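Visitor: Marked as Fe(3+) binding site by Swiss-Prot: HIS66, HIS68, HIS236, ASP311. According to Swiss-Prot, the Zn(2+) binding site annotation covers HIS66, HIS68, HIS236, ASP311. Summarising the annotation, Swiss-Prot assigns 4-imidazolone-5-propanoate binding site to ARG75, TYR138, HIS171, GLN239, THR316 and lists sequence analysis as the type of evidence. What Swiss-Prot lists as N-formimidoyl-L-glutamate binding site is TYR138, ASN313, GLY315, and the listing cites sequence analysis.
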Amino acid sequence: MRTLWQHCHVATMADGRYSAIEDAAIVTSAGLIEWIGPRAELAPVEADRTVDLGGAWVTPGLIDCHTHAVFGGNRSGEFEQRLQGVSYAEIAAQGGGIASTVRATRAASEDELFASARQRVQALMRDGVTTLEVKSGYGLDLANERKMLRVARRLADELPLTVRATCLAAHALPPEYAGRADDYIAHICDEMLPALAGEGLVDAVDAFCEHLAFSPAQVERLFIKARELGLPVKLHAEQLSSLHGSSLAARYQALSADHLEFMTEEDAVAMANAGTVAVLLPGAFYFLRETQLPPMDALRRHGVKIALASDLNPGTSPGLSLRLMLNMGCTCFRMTPEEALAGVTVHAATALGLGDSHGSLQVGKVADFVAWQIERPADLAYWLGGDLPKRVVRMGHEISN
(Lines of atoms letter the chains of each structure in order from A; the text may use other names.)
(Lines give C-alpha, C1' and ligand atoms only; values in the text may rest on other atoms or scores of the structure.)
Protein backbone atom coordinates (compact mmCIF):
# COMPACT_ATOMS: atom_id res chain seq x y z
CA MET A 1 0.00 0.00 0.00
CA ARG A 2 1.24 3.48 -0.88
CA THR A 3 0.50 6.09 1.79
CA LEU A 4 0.95 9.84 1.64
CA TRP A 5 1.65 11.48 5.01
CA GLN A 6 1.38 15.25 4.94
CA HIS A 7 0.73 18.47 6.90
CA CYS A 8 3.81 17.89 9.05
CA HIS A 9 7.35 19.03 9.73
CA VAL A 10 10.17 16.49 9.66
CA ALA A 11 13.41 16.15 11.60
CA THR A 12 15.09 13.66 9.29
CA MET A 13 18.20 13.22 11.52
CA ALA A 14 20.32 12.64 8.41
CA ASP A 15 24.01 13.03 9.31
CA GLY A 16 23.13 13.38 12.99
CA ARG A 17 21.42 16.77 12.60
CA TYR A 18 17.76 17.75 12.69
CA SER A 19 18.01 18.46 8.93
CA ALA A 20 14.49 19.81 9.29
CA ILE A 21 11.95 20.04 6.50
CA GLU A 22 8.98 22.31 7.22
CA ASP A 23 5.61 21.70 5.57
CA ALA A 24 6.83 18.28 4.52
CA ALA A 25 5.35 15.19 2.94
CA ILE A 26 6.36 11.54 3.18
CA VAL A 27 5.36 8.79 0.78
CA THR A 28 5.71 5.22 2.04
CA SER A 29 5.30 1.98 0.15
CA ALA A 30 6.13 -1.66 0.95
CA GLY A 31 7.39 -0.65 4.39
CA LEU A 32 9.95 1.82 3.03
CA ILE A 33 10.21 5.56 2.49
CA GLU A 34 9.59 6.17 -1.21
CA TRP A 35 9.76 9.97 -1.14
CA ILE A 36 10.35 12.68 1.46
CA GLY A 37 10.73 16.42 1.09
CA PRO A 38 8.89 19.74 1.03
CA ARG A 39 5.23 19.17 0.16
CA ALA A 40 5.41 21.86 -2.53
CA GLU A 41 7.96 19.75 -4.41
CA LEU A 42 5.91 16.54 -4.40
CA ALA A 43 4.77 15.50 -7.86
CA PRO A 44 1.23 14.10 -8.13
CA VAL A 45 1.20 10.66 -6.55
CA GLU A 46 -1.38 7.88 -6.67
CA ALA A 47 -1.75 7.03 -2.99
CA ASP A 48 -4.01 4.36 -1.57
CA ARG A 49 -4.31 6.42 1.59
CA THR A 50 -3.61 10.02 2.57
CA VAL A 51 -2.99 10.91 6.22
CA ASP A 52 -3.15 14.46 7.60
CA LEU A 53 -0.69 14.63 10.51
CA GLY A 54 -2.11 17.88 11.84
CA GLY A 55 1.07 19.92 11.86
CA ALA A 56 3.01 17.35 13.90
CA TRP A 57 6.79 17.11 14.08
CA VAL A 58 7.91 13.78 12.63
CA THR A 59 11.08 12.05 13.82
CA PRO A 60 12.51 8.63 13.09
CA GLY A 61 11.16 5.92 15.36
CA LEU A 62 13.21 5.94 18.55
CA ILE A 63 15.86 3.25 19.00
CA ASP A 64 16.92 1.94 22.42
CA CYS A 65 20.28 0.39 21.58
CA HIS A 66 21.23 -0.98 25.04
CA THR A 67 18.74 -2.83 27.26
CA HIS A 68 18.69 -5.78 29.63
CA ALA A 69 14.91 -5.99 29.35
CA VAL A 70 14.67 -9.75 29.97
CA PHE A 71 15.22 -10.77 33.59
CA GLY A 72 13.57 -12.45 36.53
CA GLY A 73 12.89 -11.01 39.95
CA ASN A 74 12.93 -7.51 41.35
CA ARG A 75 15.64 -5.60 43.21
CA SER A 76 13.69 -2.68 44.65
CA GLY A 77 14.54 -4.01 48.11
CA GLU A 78 18.22 -3.45 47.39
CA PHE A 79 17.40 0.09 46.29
CA GLU A 80 15.93 0.72 49.72
CA GLN A 81 18.97 -0.85 51.39
CA ARG A 82 21.41 1.33 49.48
CA LEU A 83 19.48 4.45 50.43
CA GLN A 84 19.79 3.37 54.06
CA GLY A 85 23.57 3.15 53.75
CA VAL A 86 24.11 -0.54 53.07
CA SER A 87 27.04 -0.96 50.67
CA TYR A 88 26.93 -2.92 47.43
CA ALA A 89 29.53 -5.30 48.88
CA GLU A 90 27.32 -5.97 51.89
CA ILE A 91 24.31 -6.55 49.65
CA ALA A 92 26.35 -8.96 47.53
CA ALA A 93 27.53 -10.80 50.65
CA GLN A 94 23.87 -11.33 51.53
CA GLY A 95 23.33 -12.99 48.15
CA GLY A 96 22.00 -9.87 46.46
CA GLY A 97 23.23 -7.90 43.48
CA ILE A 98 23.49 -9.52 40.09
CA ALA A 99 23.61 -12.96 41.74
CA SER A 100 20.02 -12.54 42.89
CA THR A 101 18.91 -11.66 39.35
CA VAL A 102 20.76 -14.70 38.00
CA ARG A 103 18.97 -16.96 40.49
CA ALA A 104 15.58 -15.45 39.67
CA THR A 105 16.17 -15.63 35.92
CA ARG A 106 17.29 -19.24 36.09
CA ALA A 107 14.23 -20.11 38.17
CA ALA A 108 11.77 -18.44 35.78
CA SER A 109 10.25 -20.22 32.81
CA GLU A 110 10.57 -18.84 29.31
CA ASP A 111 6.90 -17.87 29.37
CA GLU A 112 7.32 -16.04 32.68
CA LEU A 113 10.34 -14.13 31.38
CA PHE A 114 8.46 -13.25 28.21
CA ALA A 115 5.42 -11.96 30.10
CA SER A 116 7.46 -9.66 32.33
CA ALA A 117 9.73 -8.47 29.53
CA ARG A 118 6.73 -7.75 27.32
CA GLN A 119 5.35 -5.31 29.89
CA ARG A 120 8.67 -3.49 30.15
CA VAL A 121 9.14 -3.33 26.40
CA GLN A 122 5.60 -2.06 25.89
CA ALA A 123 6.40 0.79 28.29
CA LEU A 124 9.35 1.71 26.07
CA MET A 125 7.14 1.48 22.99
CA ARG A 126 4.74 4.00 24.52
CA ASP A 127 7.63 6.46 24.32
CA GLY A 128 7.91 6.01 20.56
CA VAL A 129 10.47 3.18 20.51
CA THR A 130 10.23 1.10 17.34
CA THR A 131 13.59 -0.71 17.58
CA LEU A 132 15.54 -1.97 20.55
CA GLU A 133 18.36 -4.23 21.58
CA VAL A 134 17.89 -6.96 24.20
CA LYS A 135 20.87 -8.54 25.93
CA SER A 136 21.14 -11.87 27.67
CA GLY A 137 23.55 -12.10 30.61
CA TYR A 138 21.45 -13.17 33.58
CA GLY A 139 21.47 -16.86 32.69
CA LEU A 140 25.24 -17.44 32.56
CA ASP A 141 24.89 -21.02 31.36
CA LEU A 142 23.86 -22.44 28.02
CA ALA A 143 20.27 -23.37 28.88
CA ASN A 144 19.42 -20.09 30.54
CA GLU A 145 21.22 -17.83 28.08
CA ARG A 146 19.32 -19.68 25.34
CA LYS A 147 16.08 -19.08 27.25
CA MET A 148 16.73 -15.34 27.45
CA LEU A 149 17.66 -15.03 23.77
CA ARG A 150 14.57 -17.01 22.77
CA VAL A 151 12.50 -14.45 24.68
CA ALA A 152 14.18 -11.67 22.70
CA ARG A 153 13.20 -13.40 19.46
CA ARG A 154 9.62 -13.85 20.74
CA LEU A 155 9.36 -10.15 21.53
CA ALA A 156 10.19 -9.40 17.89
CA ASP A 157 7.68 -11.99 16.68
CA GLU A 158 4.78 -10.87 18.87
CA LEU A 159 5.19 -7.09 19.06
CA PRO A 160 5.36 -4.49 16.25
CA LEU A 161 9.01 -3.93 16.99
CA THR A 162 12.47 -4.61 15.56
CA VAL A 163 14.61 -6.42 18.16
CA ARG A 164 18.34 -7.14 18.01
CA ALA A 165 19.51 -9.91 20.34
CA THR A 166 22.94 -9.63 21.96
CA CYS A 167 24.67 -12.49 23.77
CA LEU A 168 26.13 -11.12 27.01
CA ALA A 169 27.16 -14.42 28.58
CA ALA A 170 30.36 -12.65 29.71
CA HIS A 171 28.38 -10.36 32.00
CA ALA A 172 29.48 -11.80 35.33
CA LEU A 173 31.02 -14.95 36.73
CA PRO A 174 28.39 -17.59 37.54
CA PRO A 175 28.59 -19.19 40.99
CA GLU A 176 29.62 -22.57 39.59
CA TYR A 177 32.72 -20.91 38.09
CA ALA A 178 33.72 -18.92 41.17
CA GLY A 179 37.43 -18.12 40.97
CA ARG A 180 37.71 -19.61 37.47
CA ALA A 181 37.09 -16.74 35.08
CA ASP A 182 39.42 -18.12 32.40
CA ASP A 183 37.58 -21.43 32.45
CA TYR A 184 34.24 -19.67 32.09
CA ILE A 185 35.44 -17.63 29.12
CA ALA A 186 36.68 -20.87 27.54
CA HIS A 187 33.25 -22.42 28.14
CA ILE A 188 31.54 -19.48 26.43
CA CYS A 189 33.92 -19.64 23.46
CA ASP A 190 33.98 -23.41 23.05
CA GLU A 191 30.38 -24.33 23.83
CA MET A 192 27.89 -21.58 24.55
CA LEU A 193 28.50 -19.09 21.76
CA PRO A 194 28.83 -21.63 18.91
CA ALA A 195 25.61 -23.33 20.03
CA LEU A 196 23.60 -20.13 20.41
CA ALA A 197 24.90 -18.67 17.16
CA GLY A 198 24.16 -21.94 15.40
CA GLU A 199 20.54 -21.69 16.53
CA GLY A 200 20.22 -18.22 15.02
CA LEU A 201 19.69 -16.54 18.37
CA VAL A 202 22.59 -14.06 18.33
CA ASP A 203 22.96 -10.81 16.39
CA ALA A 204 25.99 -9.51 18.34
CA VAL A 205 28.31 -10.44 21.22
CA ASP A 206 28.93 -8.26 24.29
CA ALA A 207 31.01 -8.48 27.47
CA PHE A 208 31.61 -6.52 30.67
CA CYS A 209 35.22 -5.36 30.85
CA GLU A 210 35.94 -4.25 34.44
CA HIS A 211 38.03 -5.28 37.44
CA LEU A 212 34.91 -6.84 38.98
CA ALA A 213 34.04 -8.71 35.78
CA PHE A 214 36.42 -9.70 32.94
CA SER A 215 39.87 -8.50 31.95
CA PRO A 216 40.77 -7.10 28.52
CA ALA A 217 42.68 -10.30 27.77
CA GLN A 218 39.65 -12.44 28.58
CA VAL A 219 37.38 -10.19 26.54
CA GLU A 220 39.76 -10.40 23.59
CA ARG A 221 39.47 -14.20 23.58
CA LEU A 222 35.71 -13.78 23.30
CA PHE A 223 36.04 -11.23 20.51
CA ILE A 224 38.31 -13.55 18.55
CA LYS A 225 35.69 -16.29 18.79
CA ALA A 226 32.91 -13.90 17.77
CA ARG A 227 34.94 -12.90 14.72
CA GLU A 228 35.38 -16.58 13.80
CA LEU A 229 31.60 -16.96 13.97
CA GLY A 230 31.01 -13.84 11.88
CA LEU A 231 29.34 -11.94 14.73
CA PRO A 232 29.89 -8.23 15.47
CA VAL A 233 30.93 -7.23 18.97
CA LYS A 234 30.03 -4.60 21.56
CA LEU A 235 31.48 -3.87 25.00
CA HIS A 236 30.56 -2.53 28.42
CA ALA A 237 33.70 -0.49 29.07
CA GLU A 238 35.17 2.20 31.31
CA GLN A 239 32.12 2.43 33.57
CA LEU A 240 33.98 2.18 36.88
CA SER A 241 37.64 2.38 35.92
CA SER A 242 39.95 2.77 32.94
CA LEU A 243 41.07 -0.53 31.42
CA HIS A 244 41.08 0.81 27.85
CA GLY A 245 38.34 -1.64 26.97
CA SER A 246 36.97 0.89 24.51
CA SER A 247 40.28 0.85 22.62
CA LEU A 248 40.12 -2.95 22.61
CA ALA A 249 36.60 -2.74 21.21
CA ALA A 250 37.82 -0.38 18.50
CA ARG A 251 40.58 -2.81 17.49
CA TYR A 252 37.86 -5.34 16.75
CA GLN A 253 35.71 -2.80 14.88
CA ALA A 254 33.04 -3.06 17.57
CA LEU A 255 29.63 -1.65 16.82
CA SER A 256 29.77 0.22 20.12
CA ALA A 257 31.46 0.68 23.45
CA ASP A 258 29.03 1.56 26.22
CA HIS A 259 29.10 3.55 29.51
CA LEU A 260 32.57 5.18 29.04
CA GLU A 261 32.69 7.44 32.09
CA PHE A 262 36.41 6.68 32.57
CA MET A 263 37.51 6.56 28.93
CA THR A 264 40.59 8.54 27.87
CA GLU A 265 41.36 10.75 24.90
CA GLU A 266 43.40 7.87 23.48
CA ASP A 267 40.30 5.69 23.63
CA ALA A 268 38.24 8.36 21.87
CA VAL A 269 40.77 8.54 19.03
CA ALA A 270 40.69 4.75 18.63
CA MET A 271 36.89 4.68 18.56
CA ALA A 272 36.71 7.50 16.04
CA ASN A 273 39.15 5.75 13.71
CA ALA A 274 37.21 2.48 13.96
CA GLY A 275 33.75 4.02 13.61
CA THR A 276 32.76 2.54 16.97
CA VAL A 277 29.76 4.32 18.50
CA ALA A 278 29.92 5.66 22.06
CA VAL A 279 26.72 4.59 23.83
CA LEU A 280 26.12 6.72 26.91
CA LEU A 281 23.84 5.46 29.67
CA PRO A 282 22.70 8.36 31.85
CA GLY A 283 20.12 6.25 33.68
CA ALA A 284 22.83 4.17 35.36
CA PHE A 285 24.91 7.30 36.03
CA TYR A 286 21.90 8.89 37.76
CA PHE A 287 20.67 5.82 39.62
CA LEU A 288 24.12 5.05 41.04
CA ARG A 289 24.70 8.74 41.85
CA GLU A 290 27.99 8.69 40.00
CA THR A 291 30.12 11.81 39.58
CA GLN A 292 32.60 10.85 36.84
CA LEU A 293 31.22 12.25 33.57
CA PRO A 294 31.96 10.75 30.15
CA PRO A 295 34.54 12.91 28.31
CA MET A 296 32.07 14.70 26.07
CA ASP A 297 34.61 17.21 24.77
CA ALA A 298 36.97 14.44 23.64
CA LEU A 299 34.15 12.52 21.96
CA ARG A 300 33.05 15.64 20.09
CA ARG A 301 36.58 16.75 19.25
CA HIS A 302 37.41 13.45 17.57
CA GLY A 303 34.05 13.00 15.88
CA VAL A 304 32.91 9.88 17.74
CA LYS A 305 29.24 9.17 17.09
CA ILE A 306 27.32 9.36 20.37
CA ALA A 307 24.22 7.29 21.14
CA LEU A 308 21.98 7.26 24.22
CA ALA A 309 20.12 4.29 25.67
CA SER A 310 18.05 3.32 28.69
CA ASP A 311 20.29 0.49 29.96
CA LEU A 312 17.02 -0.91 31.30
CA ASN A 313 18.03 -3.44 33.98
CA PRO A 314 16.91 -4.37 37.50
CA GLY A 315 20.02 -3.31 39.38
CA THR A 316 21.40 -0.02 38.11
CA SER A 317 18.92 1.51 35.66
CA PRO A 318 15.29 0.41 36.07
CA GLY A 319 14.23 2.99 33.49
CA LEU A 320 11.14 2.49 31.36
CA SER A 321 11.34 5.76 29.42
CA LEU A 322 13.79 6.48 26.62
CA ARG A 323 12.51 10.06 26.45
CA LEU A 324 13.63 10.52 30.06
CA MET A 325 17.11 9.47 28.94
CA LEU A 326 17.05 12.30 26.40
CA ASN A 327 16.59 14.76 29.24
CA MET A 328 19.22 13.04 31.38
CA GLY A 329 21.69 13.11 28.50
CA CYS A 330 21.18 16.86 28.28
CA THR A 331 21.11 17.69 32.00
CA CYS A 332 23.70 15.18 33.25
CA PHE A 333 26.08 14.99 30.28
CA ARG A 334 25.47 18.45 28.74
CA MET A 335 24.36 17.10 25.40
CA THR A 336 22.30 19.36 23.18
CA PRO A 337 18.72 18.27 22.42
CA GLU A 338 19.82 17.71 18.81
CA GLU A 339 22.70 15.47 19.92
CA ALA A 340 20.37 13.59 22.25
CA LEU A 341 17.78 12.96 19.54
CA ALA A 342 20.52 11.79 17.17
CA GLY A 343 21.61 9.50 20.00
CA VAL A 344 18.30 7.63 20.02
CA THR A 345 17.86 7.59 16.24
CA VAL A 346 20.63 7.68 13.64
CA HIS A 347 23.58 6.92 15.93
CA ALA A 348 21.63 4.28 17.87
CA ALA A 349 20.92 2.54 14.57
CA THR A 350 24.64 2.48 13.77
CA ALA A 351 25.32 1.04 17.23
CA LEU A 352 23.09 -1.91 16.30
CA GLY A 353 24.50 -2.39 12.81
CA LEU A 354 21.28 -1.01 11.31
CA GLY A 355 22.59 2.29 10.00
CA ASP A 356 21.83 1.46 6.37
CA SER A 357 18.15 0.77 7.03
CA HIS A 358 17.03 2.56 10.20
CA GLY A 359 17.56 5.69 12.26
CA SER A 360 16.93 8.52 9.80
CA LEU A 361 14.13 9.51 7.45
CA GLN A 362 15.60 9.08 3.99
CA VAL A 363 14.47 7.49 0.75
CA GLY A 364 15.00 3.73 0.81
CA LYS A 365 15.08 3.40 4.58
CA VAL A 366 12.49 1.60 6.68
CA ALA A 367 9.37 3.69 7.25
CA ASP A 368 9.55 3.78 11.05
CA PHE A 369 8.61 7.20 12.40
CA VAL A 370 6.73 9.06 15.11
CA ALA A 371 4.50 12.09 14.56
CA TRP A 372 4.64 14.15 17.77
CA GLN A 373 2.24 16.94 18.71
CA ILE A 374 5.05 19.23 19.89
CA GLU A 375 6.20 22.74 19.03
CA ARG A 376 9.81 21.86 18.20
CA PRO A 377 12.05 18.76 18.31
CA ALA A 378 13.79 19.97 21.49
CA ASP A 379 10.50 19.37 23.34
CA LEU A 380 11.28 15.65 23.32
CA ALA A 381 14.22 16.25 25.66
CA TYR A 382 12.55 19.12 27.52
CA TRP A 383 9.40 17.50 28.92
CA LEU A 384 9.88 15.20 31.91
CA GLY A 385 7.57 12.21 31.90
CA GLY A 386 4.03 12.11 30.66
CA ASP A 387 2.75 10.57 27.46
CA LEU A 388 3.20 13.10 24.67
CA PRO A 389 0.44 12.89 22.04
CA LYS A 390 1.82 11.05 19.04
CA ARG A 391 1.19 8.62 16.21
CA VAL A 392 3.66 5.77 15.80
CA VAL A 393 4.28 4.27 12.36
CA ARG A 394 6.25 1.09 11.82
CA MET A 395 7.14 -0.13 8.34
CA GLY A 396 4.59 2.28 6.91
CA HIS A 397 1.70 1.10 9.08
CA GLU A 398 0.28 3.06 11.99
CA ILE A 399 0.47 1.10 15.23
CA SER A 400 -0.84 3.75 17.62
CA ASN A 401 -2.81 6.98 17.49
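Heads up, the Cβ atoms here are built off N, Cα and C, so glycines get one too.
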Visitor: Roughly how many Å separate the Cα of ASP311 (Fe(3+) binding site) from that of ARG75 (4-imidazolone-5-propanoate binding site), to the nearest whole number?
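Guide: Checking the Cα atoms of ASP311 (Fe(3+) binding site) and ARG75 (4-imidazolone-5-propanoate binding site) gives a distance of 15 Å.
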Visitor: Mind computing the max CA-CA distance among TYR138, ASN313, GLY315, which the record assigns to N-formimidoyl-L-glutamate binding, rounded to whole Å?
Guide: 12
Visitor: Determine, using Cα-Cα distances only, which of these binding-site residues is closest to THR316 (4-imidazolone-5-propanoate binding site): HIS66, HIS68, HIS236.
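Guide: Closest by Cα distance to THR316 (4-imidazolone-5-propanoate binding site) among the binding-site residues HIS66, HIS68, HIS236: HIS68.
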Visitor: Taking the binding-site residues one at a time (HIS68, HIS171, HIS236), which has its Cβ surrounded by the most other Cβ atoms within 10 Å?
Guide: HIS236
Visitor: By the count of other Cβ atoms within 10 Å, pick out the sparsest of the binding-site residues HIS66, ARG75.
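Guide: Taking HIS66, ARG75 as the binding-site residues, the minimal 10 Å Cβ count falls on ARG75.
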Visitor: List only the single closest residue to HIS68 (Fe(3+) binding site), chosen from the binding-site residues TYR138, HIS171, GLN239, ASN313, GLY315 by CA-CA distance.
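Guide: Result: the closest of the binding-site residues to HIS68 (Fe(3+) binding site) is ASN313.
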Visitor: Around the Cβ of GLY315 (N-formimidoyl-L-glutamate binding site), how many other Cβ atoms lie within 10 Å? Please give the count over every shown protein chain.
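Guide: GLY315 (N-formimidoyl-L-glutamate binding site): 21 neighbouring Cβ atoms within 10 Å.
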